[in-house]
Amino acid sequence: MTVMAPRTLLLLLSGALVLTETWAGSHSMRYFETSVSRPGRGEPRYISVGYVDDTQFVRFDSDAASPRMEPRAPWMEQEGPEYWEEETRKGKADAQTFRVDLQTLLGYYNQSEAGSHTIQWMYGCDLGPDGRLLRGYDQHAYDGKDYIALNEDLRSWTATDVAAQITQRKWEAANEAERTRAYLEGTCVEWLHRYLENGKETLQRAEPPKTHVTHHPVSDHEATLRCWALGFYPAEITVTWQRDGEDQTQDMELVETRPAGDGTFQKWAAVVVLSGEEQRYTCHVQHEGLPEPLTLRWEPPSQPTIPIMGIVAILAILGVVVTGAVVAAVMWRKKSSDKKGGSYSQAARSDSAQGSDVSLTACKV
(Lines of atoms letter the chains of each structure in order from A and count residues from 1; the text may use other names and numbers.)
(Lines give C-alpha, C1' and ligand atoms only; values in the text may rest on other atoms or scores of the structure.)
Protein backbone atom coordinates (compact mmCIF):
# COMPACT_ATOMS: atom_id res chain seq x y z
CA MET A 1 0.00 0.00 0.00
CA THR A 2 1.28 3.51 -0.69
CA VAL A 3 2.16 5.89 2.11
CA MET A 4 -0.18 8.82 2.64
CA ALA A 5 1.20 12.18 1.58
CA PRO A 6 1.22 15.09 4.07
CA ARG A 7 -1.56 17.42 3.01
CA THR A 8 0.32 20.73 3.30
CA LEU A 9 3.92 19.68 2.84
CA LEU A 10 6.05 18.83 -0.14
CA LEU A 11 5.83 15.37 -1.71
CA LEU A 12 8.04 14.46 -4.63
CA LEU A 13 9.83 11.93 -6.89
CA SER A 14 9.74 9.30 -9.67
CA GLY A 15 11.57 8.76 -12.95
CA ALA A 16 14.46 11.20 -12.37
CA LEU A 17 15.52 9.21 -9.32
CA VAL A 18 16.79 5.88 -10.55
CA LEU A 19 16.06 2.56 -8.90
CA THR A 20 18.53 1.98 -6.10
CA GLU A 21 20.54 -1.21 -6.59
CA THR A 22 19.76 -3.95 -4.11
CA TRP A 23 21.89 -6.68 -2.59
CA ALA A 24 22.03 -10.24 -3.89
CA GLY A 25 19.19 -12.31 -2.50
CA SER A 26 17.26 -9.24 -1.39
CA HIS A 27 13.97 -7.80 -2.64
CA SER A 28 12.68 -4.26 -2.93
CA MET A 29 9.50 -2.26 -3.35
CA ARG A 30 9.56 1.28 -4.74
CA TYR A 31 6.94 3.85 -5.59
CA PHE A 32 7.83 6.64 -8.02
CA GLU A 33 5.52 9.65 -8.15
CA THR A 34 5.85 12.63 -10.50
CA SER A 35 3.83 15.79 -11.06
CA VAL A 36 4.51 18.19 -13.94
CA SER A 37 2.89 21.62 -14.18
CA ARG A 38 1.69 22.87 -17.56
CA PRO A 39 0.66 26.53 -17.37
CA GLY A 40 -2.30 27.40 -19.55
CA ARG A 41 -3.15 23.75 -20.18
CA GLY A 42 -5.01 22.77 -17.04
CA GLU A 43 -4.04 20.80 -13.94
CA PRO A 44 -0.55 19.32 -13.53
CA ARG A 45 -0.15 15.78 -14.80
CA TYR A 46 0.46 13.29 -12.00
CA ILE A 47 1.80 9.77 -12.52
CA SER A 48 2.55 7.11 -9.92
CA VAL A 49 4.16 3.74 -10.65
CA GLY A 50 5.06 0.94 -8.25
CA TYR A 51 7.82 -1.65 -8.66
CA VAL A 52 8.57 -4.88 -6.84
CA ASP A 53 12.19 -5.65 -7.64
CA ASP A 54 12.38 -4.93 -11.38
CA THR A 55 8.71 -5.50 -12.18
CA GLN A 56 6.13 -2.72 -12.45
CA PHE A 57 2.97 -3.84 -10.68
CA VAL A 58 0.72 -0.74 -10.38
CA ARG A 59 0.24 2.57 -12.20
CA PHE A 60 -1.90 5.70 -11.81
CA ASP A 61 -2.15 8.46 -14.43
CA SER A 62 -4.23 11.57 -13.79
CA ASP A 63 -4.58 12.09 -17.56
CA ALA A 64 -6.42 8.81 -18.04
CA ALA A 65 -10.06 8.97 -19.14
CA SER A 66 -11.03 7.55 -15.75
CA PRO A 67 -8.02 7.95 -13.43
CA ARG A 68 -7.58 4.85 -11.29
CA MET A 69 -4.77 2.84 -9.79
CA GLU A 70 -4.44 -0.06 -12.22
CA PRO A 71 -2.64 -3.43 -12.08
CA ARG A 72 0.45 -3.86 -14.22
CA ALA A 73 1.28 -7.46 -13.31
CA PRO A 74 -0.96 -10.55 -13.60
CA TRP A 75 -0.52 -11.49 -9.95
CA MET A 76 -2.05 -8.16 -8.88
CA GLU A 77 -5.43 -9.38 -10.16
CA GLN A 78 -5.70 -11.24 -6.85
CA GLU A 79 -6.36 -7.98 -5.01
CA GLY A 80 -10.03 -7.20 -4.37
CA PRO A 81 -12.11 -4.08 -5.13
CA GLU A 82 -11.38 -2.53 -1.74
CA TYR A 83 -7.65 -2.48 -2.50
CA TRP A 84 -8.12 -0.67 -5.80
CA GLU A 85 -10.61 1.81 -4.37
CA GLU A 86 -8.21 2.74 -1.57
CA GLU A 87 -5.20 3.02 -3.87
CA THR A 88 -7.20 5.13 -6.32
CA ARG A 89 -8.29 7.44 -3.50
CA LYS A 90 -4.67 7.88 -2.43
CA GLY A 91 -3.56 8.52 -5.99
CA LYS A 92 -6.10 11.30 -6.42
CA ALA A 93 -5.21 12.78 -3.03
CA ASP A 94 -1.49 12.79 -3.84
CA ALA A 95 -2.21 14.45 -7.19
CA GLN A 96 -3.91 17.33 -5.36
CA THR A 97 -1.11 17.55 -2.80
CA PHE A 98 1.46 17.79 -5.57
CA ARG A 99 -0.58 20.55 -7.24
CA VAL A 100 -0.34 22.62 -4.06
CA ASP A 101 3.35 21.76 -3.66
CA LEU A 102 4.14 23.07 -7.13
CA GLN A 103 2.64 26.43 -6.17
CA THR A 104 4.50 26.44 -2.85
CA LEU A 105 7.84 25.78 -4.51
CA LEU A 106 7.35 28.66 -6.93
CA GLY A 107 7.34 30.91 -3.88
CA TYR A 108 10.34 29.20 -2.25
CA TYR A 109 12.45 29.69 -5.39
CA ASN A 110 10.92 33.04 -6.44
CA GLN A 111 9.82 31.63 -9.80
CA SER A 112 7.06 32.82 -12.11
CA GLU A 113 4.02 30.73 -12.98
CA ALA A 114 4.82 30.90 -16.69
CA GLY A 115 7.21 27.95 -16.82
CA SER A 116 6.69 24.23 -16.36
CA HIS A 117 8.11 22.59 -13.23
CA THR A 118 8.42 19.06 -11.90
CA ILE A 119 8.31 17.55 -8.44
CA GLN A 120 9.21 13.93 -7.80
CA TRP A 121 9.12 11.46 -4.95
CA MET A 122 10.55 7.99 -4.48
CA TYR A 123 10.00 5.87 -1.40
CA GLY A 124 10.16 2.20 -0.51
CA CYS A 125 12.00 -0.54 1.31
CA ASP A 126 14.59 -3.27 0.78
CA LEU A 127 14.39 -6.70 2.40
CA GLY A 128 17.48 -8.73 3.17
CA PRO A 129 17.77 -12.49 2.51
CA ASP A 130 16.33 -13.06 5.99
CA GLY A 131 13.14 -11.18 5.05
CA ARG A 132 13.80 -8.27 7.40
CA LEU A 133 14.08 -4.57 6.57
CA LEU A 134 17.47 -3.84 5.10
CA ARG A 135 16.96 -0.18 4.23
CA GLY A 136 14.17 2.35 3.79
CA TYR A 137 13.97 5.24 1.33
CA ASP A 138 12.14 8.56 1.11
CA GLN A 139 13.75 10.89 -1.44
CA HIS A 140 12.46 14.08 -3.07
CA ALA A 141 13.46 16.22 -6.04
CA TYR A 142 12.43 19.46 -7.72
CA ASP A 143 13.08 20.23 -11.38
CA GLY A 144 15.38 17.22 -11.64
CA LYS A 145 17.60 18.14 -8.68
CA ASP A 146 17.77 16.58 -5.23
CA TYR A 147 15.64 18.50 -2.75
CA ILE A 148 15.34 16.64 0.55
CA ALA A 149 15.84 13.02 1.63
CA LEU A 150 15.34 10.85 4.68
CA ASN A 151 18.65 9.69 6.10
CA GLU A 152 19.53 6.01 6.51
CA ASP A 153 18.72 6.18 10.22
CA LEU A 154 15.09 6.92 9.19
CA ARG A 155 15.00 9.60 11.89
CA SER A 156 16.39 12.76 10.25
CA TRP A 157 16.43 14.66 6.97
CA THR A 158 19.10 16.10 4.68
CA ALA A 159 18.11 19.29 2.82
CA THR A 160 20.12 20.38 -0.22
CA ASP A 161 19.47 24.15 -0.19
CA VAL A 162 17.81 27.00 1.69
CA ALA A 163 14.37 26.28 0.20
CA ALA A 164 14.58 22.62 1.22
CA GLN A 165 15.50 23.69 4.74
CA ILE A 166 12.08 25.36 5.00
CA THR A 167 10.47 22.01 4.25
CA GLN A 168 12.83 20.27 6.66
CA ARG A 169 11.77 22.52 9.53
CA LYS A 170 8.09 21.92 8.76
CA TRP A 171 8.56 18.16 8.64
CA GLU A 172 10.57 18.10 11.84
CA ALA A 173 7.83 20.05 13.61
CA ALA A 174 5.22 17.58 12.32
CA ASN A 175 7.30 14.47 13.26
CA GLU A 176 7.18 13.42 9.62
CA ALA A 177 10.29 11.21 9.95
CA GLU A 178 8.60 9.12 12.66
CA ARG A 179 5.48 8.63 10.54
CA THR A 180 7.56 7.65 7.51
CA ARG A 181 9.73 5.28 9.56
CA ALA A 182 6.64 3.50 10.89
CA TYR A 183 5.45 2.95 7.32
CA LEU A 184 8.83 1.72 6.06
CA GLU A 185 9.43 -0.65 8.97
CA GLY A 186 5.85 -1.95 9.07
CA THR A 187 3.43 -1.52 6.20
CA CYS A 188 6.07 -1.49 3.44
CA VAL A 189 7.68 -4.71 4.66
CA GLU A 190 4.32 -6.46 5.15
CA TRP A 191 3.02 -5.63 1.69
CA LEU A 192 6.30 -6.50 0.01
CA HIS A 193 6.11 -9.96 1.61
CA ARG A 194 2.55 -10.29 0.33
CA TYR A 195 3.46 -9.27 -3.21
CA LEU A 196 6.45 -11.64 -3.25
CA GLU A 197 4.20 -14.51 -2.25
CA ASN A 198 1.43 -13.67 -4.71
CA GLY A 199 3.86 -13.17 -7.59
CA LYS A 200 6.50 -15.71 -6.62
CA GLU A 201 6.42 -17.50 -9.98
CA THR A 202 7.56 -14.27 -11.61
CA LEU A 203 9.34 -12.33 -8.86
CA GLN A 204 11.32 -15.19 -7.33
CA ARG A 205 12.38 -16.90 -10.54
CA ALA A 206 16.01 -16.96 -11.66
CA GLU A 207 16.80 -17.04 -15.38
CA PRO A 208 20.55 -17.37 -16.09
CA PRO A 209 22.20 -15.12 -18.67
CA LYS A 210 23.10 -16.26 -22.17
CA THR A 211 26.71 -15.16 -22.61
CA HIS A 212 29.24 -14.72 -25.40
CA VAL A 213 32.25 -12.55 -26.32
CA THR A 214 32.55 -10.56 -29.55
CA HIS A 215 35.66 -9.10 -31.22
CA HIS A 216 35.66 -5.66 -32.89
CA PRO A 217 38.90 -4.38 -34.54
CA VAL A 218 39.66 -0.75 -33.65
CA SER A 219 42.89 -0.33 -35.64
CA ASP A 220 45.70 -2.45 -37.06
CA HIS A 221 46.98 -3.15 -33.54
CA GLU A 222 43.96 -2.77 -31.24
CA ALA A 223 40.58 -4.45 -30.84
CA THR A 224 37.59 -4.23 -28.52
CA LEU A 225 36.43 -7.35 -26.70
CA ARG A 226 32.79 -7.11 -25.62
CA CYS A 227 31.28 -9.56 -23.14
CA TRP A 228 27.51 -9.97 -23.45
CA ALA A 229 24.97 -11.19 -20.90
CA LEU A 230 21.44 -11.52 -22.29
CA GLY A 231 18.01 -12.76 -21.21
CA PHE A 232 18.60 -12.90 -17.45
CA TYR A 233 16.38 -12.24 -14.42
CA PRO A 234 16.55 -10.72 -11.85
CA ALA A 235 18.48 -7.65 -12.97
CA GLU A 236 21.33 -7.99 -10.46
CA ILE A 237 24.43 -9.21 -12.27
CA THR A 238 28.20 -8.72 -12.25
CA VAL A 239 30.18 -8.62 -15.52
CA THR A 240 33.93 -7.92 -15.29
CA TRP A 241 37.11 -8.35 -17.33
CA GLN A 242 40.48 -9.68 -16.12
CA ARG A 243 43.90 -9.60 -17.77
CA ASP A 244 46.15 -12.44 -16.67
CA GLY A 245 43.90 -12.78 -13.62
CA GLU A 246 44.06 -9.08 -12.68
CA ASP A 247 40.86 -7.03 -12.53
CA GLN A 248 40.39 -4.51 -15.36
CA THR A 249 37.42 -2.62 -13.93
CA GLN A 250 39.14 0.76 -14.26
CA ASP A 251 39.88 0.20 -17.95
CA MET A 252 36.62 -1.31 -19.15
CA GLU A 253 33.44 0.24 -20.52
CA LEU A 254 30.33 -0.95 -18.71
CA VAL A 255 26.72 -0.19 -19.61
CA GLU A 256 23.92 -0.13 -17.07
CA THR A 257 21.65 -3.15 -16.96
CA ARG A 258 18.86 -2.64 -19.50
CA PRO A 259 15.39 -4.19 -19.82
CA ALA A 260 15.09 -6.45 -22.87
CA GLY A 261 11.36 -5.83 -23.29
CA ASP A 262 10.35 -9.41 -22.51
CA GLY A 263 10.72 -9.32 -18.73
CA THR A 264 14.44 -10.11 -18.80
CA PHE A 265 17.56 -7.93 -18.84
CA GLN A 266 20.74 -7.28 -20.82
CA LYS A 267 24.22 -6.02 -20.01
CA TRP A 268 27.67 -5.87 -21.58
CA ALA A 269 31.22 -4.90 -20.59
CA ALA A 270 34.00 -4.05 -23.06
CA VAL A 271 37.77 -3.65 -22.93
CA VAL A 272 40.28 -2.47 -25.57
CA VAL A 273 43.21 -4.88 -26.05
CA LEU A 274 46.33 -5.14 -28.19
CA SER A 275 45.88 -7.35 -31.22
CA GLY A 276 47.34 -10.75 -30.52
CA GLU A 277 46.80 -10.49 -26.75
CA GLU A 278 43.10 -11.38 -26.77
CA GLN A 279 43.64 -14.73 -25.04
CA ARG A 280 45.14 -13.00 -22.00
CA TYR A 281 41.71 -11.54 -21.21
CA THR A 282 38.83 -13.36 -19.52
CA CYS A 283 35.27 -12.21 -18.85
CA HIS A 284 33.67 -13.18 -15.54
CA VAL A 285 29.89 -13.29 -15.05
CA GLN A 286 28.07 -13.80 -11.76
CA HIS A 287 24.29 -14.14 -11.50
CA GLU A 288 21.74 -15.74 -9.20
CA GLY A 289 20.61 -18.08 -11.98
CA LEU A 290 24.08 -19.56 -12.51
CA PRO A 291 25.19 -22.57 -10.43
CA GLU A 292 28.68 -21.03 -10.41
CA PRO A 293 30.35 -17.95 -11.95
CA LEU A 294 31.17 -18.16 -15.66
CA THR A 295 34.57 -17.49 -17.22
CA LEU A 296 34.64 -16.70 -20.95
CA ARG A 297 37.30 -15.96 -23.56
CA TRP A 298 37.01 -14.73 -27.10
CA GLU A 299 37.02 -17.71 -29.44
CA PRO A 300 38.67 -16.85 -32.79
CA PRO A 301 36.74 -18.14 -35.82
CA SER A 302 37.85 -21.62 -36.88
CA GLN A 303 40.34 -21.80 -39.79
CA PRO A 304 39.19 -23.35 -43.11
CA THR A 305 40.09 -27.04 -43.40
CA ILE A 306 41.49 -26.63 -46.97
CA PRO A 307 44.78 -24.62 -47.12
CA ILE A 308 44.65 -21.30 -48.94
CA MET A 309 47.16 -22.48 -51.58
CA GLY A 310 44.94 -25.48 -52.23
CA ILE A 311 41.97 -23.19 -52.82
CA VAL A 312 44.02 -21.08 -55.25
CA ALA A 313 45.08 -24.19 -57.16
CA ILE A 314 41.49 -25.44 -57.41
CA LEU A 315 40.31 -22.07 -58.71
CA ALA A 316 43.10 -22.05 -61.31
CA ILE A 317 42.12 -25.51 -62.55
CA LEU A 318 38.47 -24.49 -62.75
CA GLY A 319 39.50 -21.44 -64.77
CA VAL A 320 41.37 -23.59 -67.29
CA VAL A 321 38.43 -25.98 -67.60
CA VAL A 322 35.93 -23.16 -68.17
CA THR A 323 38.19 -21.47 -70.73
CA GLY A 324 38.62 -24.74 -72.61
CA ALA A 325 34.88 -25.30 -72.68
CA VAL A 326 34.27 -21.82 -74.10
CA VAL A 327 36.92 -22.27 -76.81
CA ALA A 328 35.48 -25.66 -77.76
CA ALA A 329 32.02 -24.16 -78.04
CA VAL A 330 33.30 -21.40 -80.31
CA MET A 331 35.12 -23.85 -82.57
CA TRP A 332 32.05 -26.07 -82.81
CA ARG A 333 29.90 -23.08 -83.70
CA LYS A 334 32.39 -21.95 -86.33
CA LYS A 335 32.47 -25.36 -87.97
CA SER A 336 28.70 -25.48 -88.02
CA SER A 337 28.56 -22.07 -89.69
CA ASP A 338 31.13 -23.06 -92.32
CA LYS A 339 29.12 -26.16 -93.23
CA LYS A 340 26.08 -23.96 -93.86
CA GLY A 341 28.09 -21.71 -96.18
CA GLY A 342 28.14 -18.68 -93.95
CA SER A 343 31.13 -17.01 -92.31
CA TYR A 344 31.69 -16.75 -88.53
CA SER A 345 31.37 -12.98 -88.64
CA GLN A 346 28.05 -13.21 -90.41
CA ALA A 347 26.71 -15.62 -87.79
CA ALA A 348 27.82 -13.35 -85.00
CA ARG A 349 26.14 -10.33 -86.53
CA SER A 350 22.96 -12.30 -87.10
CA ASP A 351 22.87 -13.56 -83.47
CA SER A 352 23.60 -10.09 -82.15
CA ALA A 353 20.72 -8.65 -84.08
CA GLN A 354 18.41 -11.24 -82.54
CA GLY A 355 19.73 -10.41 -79.04
CA SER A 356 20.15 -14.05 -77.96
CA ASP A 357 23.72 -15.33 -77.38
CA VAL A 358 25.78 -12.55 -75.73
CA SER A 359 28.70 -14.85 -74.85
CA LEU A 360 29.42 -15.50 -78.51
CA THR A 361 29.57 -11.78 -79.19
CA ALA A 362 32.04 -11.32 -76.35
CA CYS A 363 34.26 -14.11 -77.66
CA LYS A 364 34.38 -12.36 -81.02
CA VAL A 365 36.27 -9.44 -79.49
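Using N, Cα and C of the backbone, Cβ positions are placed for all residues, glycine too.
The feature compositional bias 'Polar residues' is assigned by Swiss-Prot to 346-359.
Residues within less than 8 Å, Cβ to Cβ, of CYS125 (disulfide bond) and separated from it by at least 6 positions along the same chain comprise SER28, MET29, LEU133, LEU134, ARG135, GLY136, TYR137, LEU184, CYS188, VAL189, LEU192. According to Swiss-Prot, the feature disulfide bond maps to CYS125-CYS188 (among others).
Taken from Swiss-Prot, the feature disulfide bond covers CYS227-CYS283 (among others). When other Cβ atoms within 10 Å of the Cβ of CYS283 (disulfide bond) are tallied across all protein chains shown, the result is 27.
Within 10 Å of the Cβ of ASN110 (N-linked glycosylation site) there are 7 other Cβ atoms, across all protein chains. Residues or ranges marked as N-linked glycosylation site by Swiss-Prot: ASN110.
Per Swiss-Prot, phosphoserine is recorded for SER343 (among others), and the stated evidence type is similarity to another entry.
The phosphotyrosine annotation in Swiss-Prot covers TYR344.
The phosphoserine annotation in Swiss-Prot covers SER345 (among others).
Taken from Swiss-Prot, the feature phosphoserine covers SER350 (among others), and the record attributes it to similarity to another entry.
Per Swiss-Prot, the feature phosphoserine maps to SER352 (among others).
The feature phosphoserine is assigned by Swiss-Prot to SER356 (among others).
Per Swiss-Prot, the feature phosphoserine maps to SER359 (among others).
Helix, strand and coil counts under DSSP for the region 'Alpha-1' (25-114) come to 33 helix, 27 strand, 30 coil. Look at Swiss-Prot and you will find 25-114 tagged as region 'Alpha-1'.
Annotation comment: Swiss-Prot describes 115-206 as region 'Alpha-2'.
Among the features that Swiss-Prot reports, region 'Alpha-3' is placed at 207-298.
Taken from Swiss-Prot, the feature region 'Connecting peptide' covers 299-308.
Marked as region 'Disordered' by Swiss-Prot: 337-361.
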* Same-chain residues at least 6 apart in sequence whose Cβ lies under 8 Å from CYS227 (disulfide bond) -> THR211, HIS212, VAL213, VAL239, TRP241, TRP268, ALA269, ALA270, CYS283, VAL285, LEU296
* For the region 'Alpha-3' (207-298), mean pLDDT (0 to 100) -> 97
* Asked: Which of the three DSSP states, helix, strand or coil, fits CYS188 (disulfide bond)?
  -> helix
